[in-house]
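J.: Below are the features listed in Swiss-Prot for this protein:
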- ASP526: active site, nucleophile (ACT_SITE)
- GLU606: active site, proton donor/acceptor (ACT_SITE)
- GLU176, GLU277, PHE280: Mg(2+) binding site (BINDING)
- ASP366, ASP367, ARG443, LYS476, TRP477, ASP478, MET479, ASN480, CYS518, SER519, GLY520, GLY521, ASP540: substrate binding site (BINDING)
- GLY748, GLY749, SER750, GLY751, SER752, ALA824: ATP binding site (BINDING)
- 1-720: region 'Alpha-galactosidase' (REGION)
- 721-935: region 'Sucrose kinase' (REGION)
Amino acid sequence: MAIIYNPNKKIFTLHTAHTTYQMQVDPLGYLLHLYYGEKTNSSMDYVLTYADRGFSGNPYAAGMDRTYSLDALPQEYPSLGTGDYRNIALNIKNEKGVESADLLFKSYEIRNGKYRLQGLPAVWADEKEAQTLEIVLADENAQVEVHLLYGVLEENDVITRSVRIKNTGTGQITIEKAAAACLDFVQGEFDVLRFYGKHAMERNLERTPLGHGTIAFGSRRGTSSHQYNPAVILAEKGTTETAGSCYGMLFVYSGNFSCEAEKDQFNQTRLLLGLNEELFSYPLASGETFTVPEVILSYSAEGLSALSQQYHNCIRNHVCRSKYVHMQRPVLINSWEAAYFDFTGDTIVDLAKEAASLGIDMVVMDDGWFGKRNDDNSSLGDWQVNETKLGGSLAELITRVHEQGMKFGIWIEPEMINEDSDLYRAHPDWAIRIQGKKPVRSRNQLLLDFSRKEVRDCVFDQICVVLDQGKIDYVKWDMNRSMADVYAGNLSYDYVLGVYDFMERLCSRYPDLLLEGCSGGGGRFDAGMLYYSPQIWCSDNTDAINRTRIQYGTSFFYPVSAMGAHVSAVPNHQTGRVTSFHTRGVTAMAGTFGYELNPALLSDEEKQQIREQIKTYKKYETLINEGTYWRLSDPFTDEIAAWMSVSEEQDHALVSVVRLMAEANQATVYVRLRGLKPDAVYLEEQSGRQYSGAALMHAGIPLPPFTEEYEAYQFAFTELKEAGRLYEKVQKWCDGNAENRVVISIYGGSGSGKTTLATALQQYFLNDGTECYLLSGDDYPHRIPKRNDEERMRVYKEAGEDGLRGYLGTKKEIDFDRINEVLAAFHEGKDSITLRHMGREDGEISLEETDFSGISVLLLEWTHGGSDDLHGVDLPVFLESSPGETRERRIRRNRDENAASPFICRVVELEQEKLEVQRKNAGLIVGKDGSVYEQ
């Protein structure tokens with residue numbers, strides 16, 4: 001079971017796959033925190049120590065025991081007024097203005113499944129995936145109950161926490177502060193990792209040692225904000241991407257928040273995350289309950305990357321609810337940077353037509369389609385289609401776009417209102433303002449009071465009229481200002497719940513709608529939004545170089561599948577920087593991928609690059625969005641930005657690298673990969689080179705010399721599974737073979753993959769410490785390939801197909817005597833053997849004395865490795881293939897002239913006939929499906 005209660009010691013233990021969380025009700029009734037970290041089956045109450053601490057008070061119930069003080073003990077949910085002078089999780093004020101809550105244990109319940117939060121986003125799971133622990137603390141004097149909720153997702157290595165606060169008295173109480181979670185550590189030297197920023201430069205990583213005192217950050221802007229993300233990591237000193245202990249907290253909330261990390265007088269650490277107490281004062285009438293939004297906790301003993309991966313899996317599988325979260329999503333083009341406000345219906349159709357020719361799937365009509373909206377001064381709140389501007393109805397425009405084979409999306413900003421709007425003129429009181437005071441403007445707009453149901457209903461009805469006009473596939477929900485004019489202490493919280501209510505209704509009414517969140521880019525990039533929208537526009541900054549840093553910081557908690565990322569025009573509209581089309585594409589592929597430009601202004605070469613980029617992205621989309629994500633560099637300090645995605649089976653990987661700094665006579669840059677199988681052999685698809693997983697992870701790959709500023713590379717790796725399976729069979733055969741030296745032939749049709757398989761098999765032998773030599777039989781025809789092709793044609797012309805059949809692969813074509821001599825010399829144990837090397841042109845034939853001392857395996861890679869004329873092969877291995885497959889591979893290989901000619905095709909067919917006859921000689925067969933079986 002994930003949750004265990006020990007009634008003798010009153011200890012609650014929460015287990016995940018690799019972690020343990022433990023707390024205890026002490027003899028006085030206080031709930032003390034014992035432990036959170038690597039999995040253990042021990043009772044951790046021994047960590048509690050007691051001493052007489054000067055100026056640290058003692059609860060009255062402790063009697064004369066001066067060693068008991070809540071000011072020095074680790075607590076699960078500390079409150080104000082108990083003699084604990086550190087930062088507290090809860091502050092309750094009664095009608096008389098007294099701020100105190102002395103919370104003691106009352107009861108608990110363990111149940112299957114994950115608790116739910118009314119009106120709030122939260123991690124979801126079925127009954128088999130999670131368990132819930134609910135602990136009730138109470139203060140009868142303050143007349144308040146605090147329900148601590150714990151959700152344990154065992155296999156995901158996450159624990160969620162939330163709090164319900166109930167007024168059990170007859171009078172009103174006021175919540176002045178409420179954290180969702182507190183973590184107390186009795187020891188440890190920690191760094192605090194937080195993610196700061198600004199509009200168009202969000203989520204920059206800052207790592208700060210936690211000294212004595214408090215590091216605090218948060219938002220009081222009404223949103224989670226561009227300035228600080230509602231997430232924090234507490235890492236032990238020296239923790240890296242791949243080693244060390246670290247703890248994460250992620251707030252599932254989109255409004256004001258506060259995070260406090262404190263090191264106290266006794267070198268203990270407290271970490272708090274929850275609602276921001278500034279501008280917050282929430283009244284609770286008798287019997288009412290208040291819910292604090294959820295925090296997701298996770299711990300890693302294997303560094304920051306593992307911690308990030310745990311959050312990525314949790315968000316993809318247990319936060320995002322959209323049907324699109326695990327689906328391939330459309331590659332879109334957005335009209336904003338293509339046209340801004342200056343567009344018509346014809347403009348959108350032309351954009352769709354051009355985009356369709358490039359392989360783009362969807363066009364999105366951004367701001368400017370409603371009311372009198374030709375700039376940012378008017379019409380927010382008036383969600384009626386401007387048919388004059390569009391040259392017809394929205395339904396007609398949608399049809400015209402769909403006729404181009406394109407999906408259609410639209411932009412909305414439901415929370416906003418302009419003073420120059422019909423809605424404002426009808427309901428000026430619906431805009432948030434302080435009575436008797438002029439409101440604060442931002443971007444020439446005001447904020448609608450979404451805490452009021454009638455306001456939400458009015459806007460929702462307008463939006464539904466728009467969405468019901470045709471098949472709208474996608475909506476981008478924007479929010480382009482911060483909240484000011486907070487007229488009441490409950491406003492900011494109730495406002496966010498109003499936004500969630502609106503989004504819930506929207507998602508329920510339009511379940512097939514792909515919703516993308518946005519707030520001036522990444523101003524509301526949080527887990528709360530991802531509950532409703534599977535992706536969020538990562539930043540209004542589309543500069544490829546800045547984006548490497550923005551997406552790097554975002555990746556510490558949020559998966560690639562959540563990051564809206566597009567290729568934009570150059571010079572970049574935000575920075576003026578010029579980067580290559582390829583570099584912009586590589587960076588945008590670390591996200592949902594799309595375009596933010598006018599394709600009509602592109603060159604033919606750039607348009608072709610778009611086609612190639614989309615082809616590449618769709619090939620690797622599942623790997624990018626569902627794979628295990630690894631950060632390979634720090635773009636704030638390193639000369640490159642590098643990252644990779646690895647498939648769950650570790651058989652595919654995509655590595656991306658962007659050069660950030662240029663210098664003359666630059667040293668070679670090596671990139672070490674992560675997350676691969678050490679003993680597996682991987683093929684790099686572009687170069688055809690093979691590497692062991694261990695080599696890629698420990699030595700890395702050298703990057704080609706950089707030839708231009710901000711150059712980018714992508715490397716795709718595929719595990720050669722057939723080689724691994726074959727090696728297992730070959731190894732068993734070798735173990736049962738008494739010979740000191742063995743010869744293994746890999747044979748099959750031309751272009752069937754013999755070289756790739758043989759090279760990988762050689763790598764497996766070398767990995768295990770077995771010296772192995774790879775010999776190519778292509779060095780042993782009587783004539784160089786060019787002359788041999790001529791001879792084949794001569795034979796065919798003189799003797800027809802029967803004559804050609806009697807020539808191919810026989811002693812007439814192949815110097816079997818010479819290669820048989822090589823195999824015999826190897827079996828005889830000779831340390832030096834003369835080998836022949838043959839090129840493809842006249843004069844490219846040479847003899848070379850080769851050292852075979854210490855070599856115990858000779859791999860012969862050759863079409864004719866199963867011939868009856870070949871002697872000395874101990875284990876022939878046959879590769880299945882058809883003539884059609886062989887022909888296609890030869891064409892792709894592009895080594896032979898006229899590979900697709902009728903004559904060559906017939907040669908391949910005759911070759912295949914002979915191979916089917918020679919198949920009987922094989923000891924092992926590699927099937928077309930990659931299986932390996934005995935003859």
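Using N, Cα and C of the backbone, Cβ positions are placed for all residues, glycine too.
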J.: If I take the Cα of SER752 (ATP binding site) as reference, which of the binding-site residues GLU176, ASP366, MET479 has the closest Cα?
T.: ASP366
J.: Per DSSP, to which secondary structure element type does TRP477 (substrate binding site) belong, with helix, strand and coil as the options?
T.: strand
J.: Other than GLU176, GLU277, PHE280, which residues of the same chain sit close to Mg(2+)? List them in sequence order, counting a residue when its Cβ is within 8 Å of the Cβ centroid of the site.
T.: ASN91, ILE175, LYS177, ALA178, LEU275, ASN276, GLU278, LEU279, SER281, TYR282, GLY489
J.: Pick from GLY749, GLY751: which of these binding-site residues has the biggest number of other Cβ atoms within 10 Å of its Cβ?
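T.: Within the set of binding-site residues, the most crowded position is GLY749.
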J.: Determine, using Cα-Cα distances only, which of these recorded positions is closest to ASP540 (substrate binding site): GLU176, ASP526, GLY749, GLY751.
T.: ASP526
J.: Roughly how many angstrom lie between the C-alpha atoms of CYS518 (substrate binding site) and the residue listed as 'active site, nucleophile'?
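T.: Cα to Cα, CYS518 (substrate binding site) and the residue listed as 'active site, nucleophile' are separated by 11 Å.
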J.: Check the region 'Alpha-galactosidase' (1-720) for me and report the mean pLDDT.
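T.: Mean pLDDT, the region 'Alpha-galactosidase' (1-720): 98.
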J.: Looking at the binding-site residues PHE280, TRP477, which sits with the largest number of other Cβ atoms within 10 Å of its Cβ?
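T.: Answer by Cβ density within 10 Å: TRP477.
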J.: Of the binding-site residues listed here (GLU277, GLY748, GLY749, SER750), which is spatially closest to GLY520 (substrate binding site) when Cα positions are compared?
T.: GLU277
J.: Where among the recorded positions GLU277, GLU606 do you find the Cβ with the fewest other Cβ atoms within 10 Å?
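T.: Candidates: the recorded positions GLU277, GLU606. Fewest Cβ atoms within 10 Å: GLU606.
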J.: Among GLY520, GLY748, all listed as binding-site residues, which has the most CB atoms within 10 Å of its CB?
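T.: Selected residue: GLY748.
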J.: Where MET479 (substrate binding site) and GLU176 (Mg(2+) binding site) are concerned, what is their Cα separation in Å, rounded?
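T.: One finds 28 Å between the Cα atoms of these residues.
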J.: Spatially, and counting Cα to Cα, which of the recorded positions is closest to GLU176 (Mg(2+) binding site)? Options: ARG443, ASP526, GLY749, SER750, GLY751.
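T.: For GLU176 (Mg(2+) binding site), the spatially nearest of the recorded positions is ASP526.
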J.: So, three-state DSSP: helix, strand or coil for GLU176 (Mg(2+) binding site)?
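T.: DSSP call for GLU176 (Mg(2+) binding site): strand.
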J.: Give the three-state DSSP assignment (helix, strand or coil) for GLY751 (ATP binding site).
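T.: Its secondary structure by DSSP: coil.
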J.: List the Cα distance (Å, whole number) between ARG443 (substrate binding site) and GLY748 (ATP binding site).
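T.: Cα-Cα distance, ARG443 (substrate binding site) to GLY748 (ATP binding site): 69 Å.
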J.: Quick one: pull the CA-CA distance for GLU277 (Mg(2+) binding site) versus GLY749 (ATP binding site), whole Å only.
T.: 73
J.: Which secondary structure state does DSSP assign to the residue listed as 'active site, nucleophile', in the simple three-class scheme?
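T.: Reduced to three states, the DSSP call for the residue listed as 'active site, nucleophile' is coil.
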J.: Using CB atoms and a 10 A radius, I'd like the single residue among the recorded positions GLU176, ASP366, ASP526, ASP540 with the highest neighbour count.
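T.: Buried the deepest by this measure is ASP526.
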